[in-house]
(Lines of atoms letter the chains of each structure in order from A and count residues from 1; the text may use other names and numbers.)
(Lines give C-alpha, C1' and ligand atoms only; values in the text may rest on other atoms or scores of the structure.)
Protein backbone atom coordinates (compact mmCIF):
# COMPACT_ATOMS: atom_id res chain seq x y z
CA UNK A 1 0.00 0.00 0.00
CA UNK A 2 1.40 3.42 -0.97
CA UNK A 3 1.72 6.31 1.48
CA UNK A 4 -1.02 8.20 -0.36
CA UNK A 5 -3.38 5.23 -0.48
CA UNK A 6 -2.88 4.70 3.23
CA UNK A 7 -3.34 8.35 4.20
CA UNK A 8 -5.87 9.73 1.69
CA UNK A 9 -7.66 6.97 -0.17
CA UNK A 10 -10.18 9.44 -1.60
CA UNK A 11 -7.55 11.32 -3.61
CA UNK A 12 -5.68 8.10 -4.37
CA UNK A 13 -8.81 6.54 -5.87
CA UNK A 14 -9.67 9.65 -7.90
CA UNK A 15 -6.13 9.81 -9.27
CA UNK A 16 -6.36 6.20 -10.37
CA UNK A 17 -9.73 6.85 -11.99
CA UNK A 18 -8.06 9.60 -13.98
CA UNK A 19 -5.28 7.17 -14.93
CA UNK A 20 -7.93 4.80 -16.27
CA UNK A 21 -9.58 7.60 -18.22
CA UNK A 22 -6.27 8.63 -19.79
CA UNK A 23 -5.55 5.01 -20.70
CA UNK A 24 -9.00 4.11 -22.08
CA UNK A 25 -9.86 7.30 -23.98
CA UNK A 26 -8.21 8.79 -27.06
CA UNK A 27 -6.82 12.14 -25.93
CA UNK A 28 -7.03 14.55 -28.87
CA UNK A 29 -7.14 17.93 -27.16
CA UNK A 30 -4.37 19.81 -28.98
CA UNK A 31 -2.95 21.46 -25.85
CA UNK A 32 -2.56 18.17 -23.97
CA UNK A 33 0.14 15.54 -24.05
CA UNK A 34 1.52 12.67 -21.97
CA UNK A 35 4.72 13.65 -20.19
CA UNK A 36 7.55 11.27 -19.39
CA UNK A 37 7.75 9.14 -16.21
CA UNK A 38 11.18 10.68 -15.51
CA UNK A 39 9.62 14.15 -15.54
CA UNK A 40 6.91 13.09 -13.08
CA UNK A 41 9.49 11.33 -10.93
CA UNK A 42 11.60 14.44 -10.38
CA UNK A 43 8.48 16.60 -9.92
CA UNK A 44 7.45 14.35 -7.05
CA UNK A 45 10.86 14.65 -5.41
CA UNK A 46 12.26 16.50 -2.38
CA UNK A 47 13.01 19.45 -4.66
CA UNK A 48 9.48 20.67 -3.89
CA UNK A 49 10.76 21.59 -0.39
CA UNK A 50 13.31 24.20 -1.53
CA UNK A 51 12.75 27.94 -1.75
CA UNK A 52 15.07 29.67 -4.22
CA UNK A 53 14.08 33.31 -4.73
CA UNK A 54 16.32 34.95 -7.30
CA UNK A 55 18.44 33.37 -10.00
CA UNK A 56 21.41 30.95 -10.07
CA UNK A 57 24.30 32.53 -8.18
CA UNK A 58 22.09 35.40 -6.99
CA UNK A 59 19.65 33.91 -4.49
CA UNK A 60 18.04 35.53 -1.49
CA UNK A 61 18.02 32.21 0.37
CA UNK A 62 20.88 29.96 1.42
CA UNK A 63 21.35 26.30 0.60
CA UNK A 64 20.79 26.78 -3.13
CA UNK A 65 24.04 25.35 -4.51
CA UNK A 66 22.37 22.26 -5.98
CA UNK A 67 19.17 23.88 -7.19
CA UNK A 68 21.38 26.50 -8.85
CA UNK A 69 22.96 23.72 -10.89
CA UNK A 70 19.54 22.29 -11.73
CA UNK A 71 18.18 25.63 -12.94
CA UNK A 72 21.34 26.41 -14.90
CA UNK A 73 21.11 23.01 -16.58
CA UNK A 74 17.52 23.77 -17.59
CA UNK A 75 18.58 27.18 -18.93
CA UNK A 76 21.49 25.77 -20.93
CA UNK A 77 19.36 23.01 -22.45
CA UNK A 78 16.60 25.47 -23.33
CA UNK A 79 19.06 27.80 -25.08
CA UNK A 80 20.51 24.90 -27.05
CA UNK A 81 17.04 23.72 -28.06
CA UNK A 82 15.84 27.03 -29.46
CA UNK A 83 19.21 28.37 -30.59
CA UNK A 84 18.99 31.51 -28.47
CA UNK A 85 21.33 33.37 -26.12
CA UNK A 86 19.18 33.81 -23.01
CA UNK A 87 16.38 31.84 -21.35
CA UNK A 88 14.24 32.25 -18.24
CA UNK A 89 12.81 28.92 -17.06
CA UNK A 90 10.99 30.21 -13.97
CA UNK A 91 7.48 31.12 -15.24
CA UNK A 92 4.90 28.85 -13.65
CA UNK A 93 2.74 28.80 -16.80
CA UNK A 94 2.51 30.09 -20.33
CA UNK A 95 0.11 32.81 -19.23
CA UNK A 96 2.56 34.03 -16.59
CA UNK A 97 5.37 33.90 -19.14
CA UNK A 98 3.35 36.15 -21.44
CA UNK A 99 2.57 38.61 -18.65
CA UNK A 100 6.27 38.59 -17.86
CA UNK A 101 7.04 39.56 -21.46
CA UNK A 102 4.59 42.46 -21.35
CA UNK A 103 6.07 43.65 -18.07
CA UNK A 104 9.54 43.66 -19.61
CA UNK A 105 8.75 45.35 -22.93
CA UNK A 106 5.80 47.69 -22.46
CA UNK A 107 4.00 49.82 -19.89
CA UNK A 108 0.34 49.80 -18.81
CA UNK A 109 -1.74 51.58 -21.43
CA UNK A 110 0.65 50.85 -24.30
CA UNK A 111 -0.83 49.42 -27.49
CA UNK A 112 -0.46 45.75 -28.37
CA UNK A 113 -1.60 43.99 -31.53
CA UNK A 114 -2.43 40.30 -31.25
CA UNK A 115 -4.49 37.58 -32.87
CA UNK A 116 -8.19 37.74 -32.07
CA UNK A 117 -9.27 35.02 -29.64
CA UNK A 118 -12.20 33.98 -31.83
CA UNK A 119 -9.84 33.62 -34.80
CA UNK A 120 -7.33 31.36 -33.07
CA UNK A 121 -5.45 33.65 -30.68
CA UNK A 122 -5.09 33.22 -26.93
CA UNK A 123 -6.60 34.97 -23.92
CA UNK A 124 -3.20 36.45 -23.08
CA UNK A 125 -2.82 38.08 -26.50
CA UNK A 126 -4.98 41.02 -25.47
CA UNK A 127 -8.45 39.57 -24.87
CA UNK A 128 -10.51 42.13 -22.96
CA UNK A 129 -11.46 39.60 -20.27
CA UNK A 130 -7.76 38.93 -19.57
CA UNK A 131 -5.20 41.06 -17.74
CA UNK A 132 -3.43 41.58 -21.09
CA UNK A 133 -6.53 43.37 -22.37
CA UNK A 134 -7.15 45.30 -19.16
CA UNK A 135 -3.67 46.65 -18.45
CA UNK A 136 -2.80 47.33 -22.09
CA UNK A 137 -4.66 48.88 -25.02
CA UNK A 138 -5.23 45.83 -27.20
CA UNK A 139 -6.06 45.63 -30.88
CA UNK A 140 -6.48 42.58 -33.08
CA UNK A 141 -5.84 40.98 -36.43
CA UNK A 142 -7.50 37.75 -37.52
CA UNK A 143 -7.79 35.28 -40.36
CA UNK A 144 -9.66 35.63 -43.63
CA UNK A 145 -12.60 33.43 -44.57
CA UNK A 146 -10.12 30.90 -45.97
CA UNK A 147 -8.82 30.47 -42.42
CA UNK A 148 -5.39 31.95 -43.13
CA UNK A 149 -3.60 35.07 -41.93
CA UNK A 150 -3.41 37.78 -44.61
CA UNK A 151 -0.09 39.44 -43.79
CA UNK A 152 -0.89 42.47 -45.95
CA UNK A 153 -4.03 42.98 -43.88
CA UNK A 154 -2.00 42.67 -40.66
CA UNK A 155 0.43 45.29 -42.01
CA UNK A 156 -2.45 47.66 -42.77
CA UNK A 157 -3.86 47.24 -39.26
CA UNK A 158 -0.42 47.80 -37.72
CA UNK A 159 0.03 51.06 -39.65
CA UNK A 160 -3.28 52.34 -38.30
CA UNK A 161 -2.83 51.13 -34.71
CA UNK A 162 0.92 51.76 -34.38
CA UNK A 163 1.36 49.23 -31.54
CA UNK A 164 4.35 49.15 -29.21
CA UNK A 165 4.35 45.33 -29.40
CA UNK A 166 2.99 42.78 -31.89
CA UNK A 167 2.11 39.26 -30.74
CA UNK A 168 2.37 36.40 -33.23
CA UNK A 169 1.43 32.86 -32.33
CA UNK A 170 -1.88 31.15 -31.69
CA UNK A 171 -3.78 28.51 -29.77
CA UNK A 172 -5.89 27.35 -32.70
CA UNK A 173 -4.18 28.09 -36.04
CA UNK A 174 -3.43 25.04 -38.21
CA UNK A 175 -0.99 26.74 -40.59
CA UNK A 176 2.69 27.68 -40.39
CA UNK A 177 3.37 31.16 -39.03
CA UNK A 178 5.63 33.39 -41.14
CA UNK A 179 7.82 35.06 -38.52
CA UNK A 180 9.90 36.86 -41.17
CA UNK A 181 6.81 38.65 -42.52
CA UNK A 182 5.73 39.54 -38.99
CA UNK A 183 9.18 41.06 -38.37
CA UNK A 184 8.84 43.19 -41.51
CA UNK A 185 5.50 44.43 -40.21
CA UNK A 186 6.90 45.12 -36.74
CA UNK A 187 9.89 47.01 -38.14
CA UNK A 188 7.63 49.10 -40.38
CA UNK A 189 5.87 50.55 -37.32
CA UNK A 190 8.75 50.40 -34.82
CA UNK A 191 7.17 47.67 -32.70
CA UNK A 192 8.70 44.85 -30.69
CA UNK A 193 7.87 41.40 -32.08
CA UNK A 194 6.83 38.76 -29.55
CA UNK A 195 6.20 35.14 -30.57
CA UNK A 196 4.13 32.84 -28.37
CA UNK A 197 5.04 29.36 -29.65
CA UNK A 198 3.35 27.42 -26.84
CA UNK A 199 1.51 25.16 -29.28
CA UNK A 200 4.22 24.61 -31.87
CA UNK A 201 7.41 24.60 -29.76
CA UNK A 202 7.92 20.85 -30.05
CA UNK A 203 7.82 21.17 -33.83
CA UNK A 204 10.07 24.25 -33.84
CA UNK A 205 12.91 22.59 -31.91
CA UNK A 206 12.75 19.57 -34.24
CA UNK A 207 13.00 21.71 -37.37
CA UNK A 208 9.40 20.91 -38.35
CA UNK A 209 8.30 24.56 -38.09
CA UNK A 210 10.22 27.78 -38.74
CA UNK A 211 12.17 28.97 -35.70
CA UNK A 212 11.03 32.37 -34.39
CA UNK A 213 14.70 33.27 -33.93
CA UNK A 214 16.30 35.43 -35.28
CA UNK A 215 13.12 37.24 -36.34
CA UNK A 216 11.53 37.89 -32.94
CA UNK A 217 12.77 40.09 -30.12
CA UNK A 218 11.31 37.74 -27.53
CA UNK A 219 9.73 34.28 -27.54
CA UNK A 220 7.60 32.50 -24.93
CA UNK A 221 6.32 28.96 -24.70
CA UNK A 222 4.77 26.41 -22.44
CA UNK A 223 6.78 23.27 -21.73
CA UNK A 224 3.95 20.74 -21.98
CA UNK A 225 1.82 20.65 -25.18
CA UNK A 226 4.06 19.58 -28.09
CA UNK A 227 7.25 19.73 -25.95
CA UNK A 228 5.81 16.94 -23.76
CA UNK A 229 7.43 18.20 -20.56
CA UNK A 230 5.90 19.39 -17.28
CA UNK A 231 3.26 22.11 -17.12
CA UNK A 232 5.13 25.40 -17.07
CA UNK A 233 6.43 28.37 -19.05
CA UNK A 234 9.67 29.74 -20.50
CA UNK A 235 10.83 33.03 -22.04
CA UNK A 236 13.73 33.40 -24.47
CA UNK A 237 15.62 36.22 -26.20
CA UNK A 238 18.93 36.91 -27.92
CA UNK A 239 19.60 40.32 -26.36
CA UNK A 240 21.18 40.73 -22.93
CA UNK A 241 19.36 44.03 -22.42
CA UNK A 242 16.01 42.28 -22.92
CA UNK A 243 17.05 39.30 -20.80
CA UNK A 244 17.71 41.54 -17.78
CA UNK A 245 14.28 43.15 -18.12
CA UNK A 246 12.61 39.76 -18.52
CA UNK A 247 14.32 38.39 -15.41
CA UNK A 248 13.24 41.42 -13.37
CA UNK A 249 9.70 41.18 -14.72
CA UNK A 250 9.37 37.56 -13.57
CA UNK A 251 11.22 38.01 -10.27
CA UNK A 252 10.53 40.12 -8.30
CA UNK A 253 7.91 41.55 -10.66
CA UNK A 254 5.44 38.66 -10.80
CA UNK A 255 6.64 35.65 -8.85
CA UNK A 256 8.46 34.87 -5.63
CA UNK A 257 10.21 31.56 -5.15
CA UNK A 258 10.19 29.48 -8.35
CA UNK A 259 8.93 25.90 -8.42
CA UNK A 260 12.28 24.12 -8.32
CA UNK A 261 10.77 20.66 -8.77
CA UNK A 262 9.05 21.84 -11.96
CA UNK A 263 12.23 23.50 -13.24
CA UNK A 264 13.95 20.14 -12.77
CA UNK A 265 11.11 18.56 -14.74
CA UNK A 266 11.70 21.12 -17.50
CA UNK A 267 15.39 20.18 -17.59
CA UNK A 268 14.54 16.49 -17.94
CA UNK A 269 11.99 17.26 -20.64
CA UNK A 270 14.53 19.35 -22.55
CA UNK A 271 16.94 16.41 -22.51
CA UNK A 272 14.28 14.37 -24.29
CA UNK A 273 13.72 17.22 -26.76
CA UNK A 274 17.46 17.30 -27.55
CA UNK A 275 17.60 13.59 -28.39
CA UNK A 276 17.70 12.31 -32.00
CA UNK A 277 14.41 10.50 -31.35
CA UNK A 278 12.65 13.84 -30.90
CA UNK A 279 12.91 14.72 -34.59
CA UNK A 280 11.28 11.40 -35.46
CA UNK A 281 8.48 12.09 -32.97
CA UNK A 282 7.80 15.60 -34.31
CA UNK A 283 7.68 14.37 -37.90
CA UNK A 284 5.18 11.72 -36.83
CA UNK A 285 3.01 14.30 -35.05
CA UNK A 286 2.68 16.23 -38.32
CA UNK A 287 2.18 13.12 -40.46
CA UNK A 288 -0.53 11.84 -38.13
CA UNK A 289 -2.33 15.17 -38.13
CA UNK A 290 -2.22 15.38 -41.92
CA UNK A 291 -3.85 11.99 -42.45
CA UNK A 292 -6.40 12.83 -39.75
CA UNK A 293 -7.38 15.97 -41.65
CA UNK A 294 -7.22 14.40 -45.10
CA UNK A 295 -9.46 11.52 -44.03
CA UNK A 296 -12.05 13.82 -42.49
CA UNK A 297 -12.12 15.93 -45.66
CA UNK A 298 -12.61 12.77 -47.73
CA UNK A 299 -15.58 12.02 -45.47
CA UNK A 300 -17.07 15.42 -46.38
CA UNK A 301 -16.04 17.60 -43.44
CA UNK A 302 -14.85 21.19 -43.77
CA UNK A 303 -11.43 21.97 -42.29
CA UNK A 304 -10.52 25.56 -41.52
CA UNK A 305 -7.83 26.61 -44.06
CA UNK A 306 -8.37 23.31 -45.89
CA UNK A 307 -5.83 21.31 -43.92
CA UNK A 308 -2.90 21.61 -41.52
CA UNK A 309 0.83 22.34 -41.34
CA UNK A 310 1.23 21.41 -37.68
CA UNK A 311 -0.24 19.31 -34.86
CA UNK A 312 -3.87 20.39 -35.01
CA UNK A 313 -6.89 20.71 -37.24
CA UNK A 314 -10.03 22.82 -36.88
CA UNK A 315 -13.24 21.21 -38.12
CA UNK A 316 -16.00 23.67 -39.04
CA UNK A 317 -19.69 22.89 -38.61
CA UNK A 318 -20.99 26.18 -40.02
CA UNK A 319 -22.85 24.18 -42.67
CA UNK A 320 -24.10 21.58 -40.16
CA UNK A 321 -27.16 21.64 -37.93
CA UNK A 322 -25.13 20.85 -34.81
CA UNK A 323 -22.57 22.84 -32.81
CA UNK A 324 -19.01 22.34 -31.64
CA UNK A 325 -20.37 21.63 -28.17
CA UNK A 326 -22.69 18.95 -29.58
CA UNK A 327 -19.79 17.36 -31.47
CA UNK A 328 -17.43 17.45 -28.49
CA UNK A 329 -20.02 15.83 -26.23
CA UNK A 330 -20.86 13.11 -28.75
CA UNK A 331 -17.20 12.28 -29.31
CA UNK A 332 -16.53 12.12 -25.57
CA UNK A 333 -19.40 9.66 -25.28
CA UNK A 334 -17.52 7.62 -27.88
CA UNK A 335 -14.26 7.75 -25.92
CA UNK A 336 -12.59 10.52 -27.94
CA UNK A 337 -11.78 13.82 -26.19
CA UNK A 338 -11.52 17.02 -28.23
CA UNK A 339 -12.58 20.59 -27.47
CA UNK A 340 -15.22 22.87 -28.96
CA UNK A 341 -13.66 25.84 -30.75
CA UNK A 342 -14.72 29.00 -32.56
CA UNK A 343 -14.11 29.11 -36.32
CA UNK A 344 -13.87 31.94 -38.91
CA UNK A 345 -17.36 33.28 -39.61
CA UNK A 346 -18.54 32.09 -36.20
CA UNK A 347 -22.28 32.46 -35.57
CA UNK A 348 -22.55 30.85 -32.13
CA UNK A 349 -21.37 31.89 -28.68
CA UNK A 350 -17.88 30.89 -27.40
CA UNK A 351 -19.63 28.48 -25.02
CA UNK A 352 -21.27 26.64 -27.92
CA UNK A 353 -19.13 27.35 -31.05
CA UNK A 354 -19.32 26.00 -34.57
CA UNK A 355 -16.20 23.87 -34.58
CA UNK A 356 -13.84 21.53 -32.79
CA UNK A 357 -10.08 21.57 -32.38
CA UNK A 358 -8.39 18.18 -32.73
CA UNK A 359 -4.71 17.46 -32.06
CA UNK A 360 -2.30 14.61 -32.75
CA UNK A 361 0.51 15.06 -30.19
CA UNK A 362 -0.81 12.98 -27.27
CA UNK A 363 -1.73 9.91 -29.30
CA UNK A 364 1.59 10.13 -31.15
CA UNK A 365 3.22 9.94 -27.70
CA UNK A 366 1.36 6.65 -27.23
CA UNK A 367 2.98 5.29 -30.38
CA UNK A 368 0.08 5.63 -32.80
CA UNK A 369 0.85 6.26 -36.47
CA UNK A 370 -0.94 6.93 -39.77
CA UNK A 371 -2.87 3.66 -39.76
CA UNK A 372 -4.41 4.37 -36.35
CA UNK A 373 -5.12 8.03 -37.17
CA UNK A 374 -6.95 7.10 -40.36
CA UNK A 375 -9.06 4.65 -38.33
CA UNK A 376 -9.72 7.30 -35.68
CA UNK A 377 -10.71 9.90 -38.29
CA UNK A 378 -13.26 7.50 -39.74
CA UNK A 379 -14.69 6.83 -36.27
CA UNK A 380 -14.95 10.59 -35.65
CA UNK A 381 -16.81 10.92 -38.96
CA UNK A 382 -19.11 8.01 -38.08
CA UNK A 383 -20.06 9.65 -34.78
CA UNK A 384 -20.61 13.11 -36.28
CA UNK A 385 -22.64 11.84 -39.24
CA UNK A 386 -25.13 10.27 -36.81
CA UNK A 387 -24.56 12.59 -33.88
CA UNK A 388 -27.61 11.64 -31.82
CA UNK A 389 -27.05 7.88 -32.08
CA UNK A 390 -26.01 6.98 -28.54
CA UNK A 391 -25.93 3.26 -29.33
CA UNK A 392 -23.33 3.92 -32.03
CA UNK A 393 -21.34 6.06 -29.58
CA UNK A 394 -21.28 3.21 -27.05
CA UNK A 395 -20.19 0.74 -29.74
CA UNK A 396 -17.36 3.00 -30.90
CA UNK A 397 -16.32 3.66 -27.30
CA UNK A 398 -15.73 -0.08 -26.87
CA UNK A 399 -13.71 -0.17 -30.10
CA UNK A 400 -11.70 2.86 -28.96
CA UNK A 401 -10.91 1.18 -25.65
CA UNK A 402 -9.68 -1.90 -27.49
CA UNK A 403 -7.38 0.22 -29.67
CA UNK A 404 -6.13 2.19 -26.65
CA UNK A 405 -5.26 -1.04 -24.83
CA UNK A 406 -2.67 -1.78 -27.52
CA UNK A 407 -0.85 1.50 -26.86
CA UNK A 408 -0.25 1.62 -23.11
CA UNK A 409 1.20 4.93 -21.96
CA UNK A 410 1.31 4.43 -18.16
CA UNK A 411 0.93 1.37 -15.94
CA UNK A 412 0.56 3.39 -12.75
CA UNK A 413 -0.67 6.82 -11.70
CA UNK A 414 2.33 7.98 -9.66
CA UNK A 415 6.06 7.86 -10.27
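The chain as shown is numbered from 1 upward.
Keep in mind that glycine also has a Cβ here, set from the backbone N, Cα and C atoms.
Secondary structure from DSSP puts residue 351 ((6S)-5,6,7,8-tetrahydrofolate binding site) in coil. Marked as (6S)-5,6,7,8-tetrahydrofolate binding site by Swiss-Prot on the basis of sequence analysis: 117, 121, 122, 123, 241, 349, 350, 351.
Under a cutoff of 8 A between CB atoms, and with a sequence separation of 6+ in the same chain, the neighbours of residue 225 (N6-(pyridoxal phosphate)lysine) are 30, 31, 32, 33, 198, 199, 201, 202, 361. Here Swiss-Prot flags 225 as N6-(pyridoxal phosphate)lysine, drawing on sequence analysis.
For residue 224 (site 'Plays an important role in substrate specificity'), the Cβ neighbour count at a 10 Å cut-off comes to 27, with all displayed protein chains included. Taken from Swiss-Prot, the feature site 'Plays an important role in substrate specificity' applies to 224.
Working note on the binding-site residues 122, 123, 349, 350: by count of other C-beta atoms within 10 Å of each C-beta, 122 ranks first. Once the Cα atoms of 117, 121, 122, 123, 241, 349, 350, 351, the listed binders of (6S)-5,6,7,8-tetrahydrofolate, are compared pairwise, the greatest separation found is 43 Å. Cα to Cα, residue 121 ((6S)-5,6,7,8-tetrahydrofolate binding site) and residue 224 (site 'Plays an important role in substrate specificity') are separated by 18 Å. Rounded to a whole number, the distance between the Cα atoms of residue 224 (site 'Plays an important role in substrate specificity') and residue 117 ((6S)-5,6,7,8-tetrahydrofolate binding site) is 21 Å. The two recorded residues residue 351 ((6S)-5,6,7,8-tetrahydrofolate binding site) and residue 224 (site 'Plays an important role in substrate specificity') have their Cα atoms spaced 25 Å from each other.
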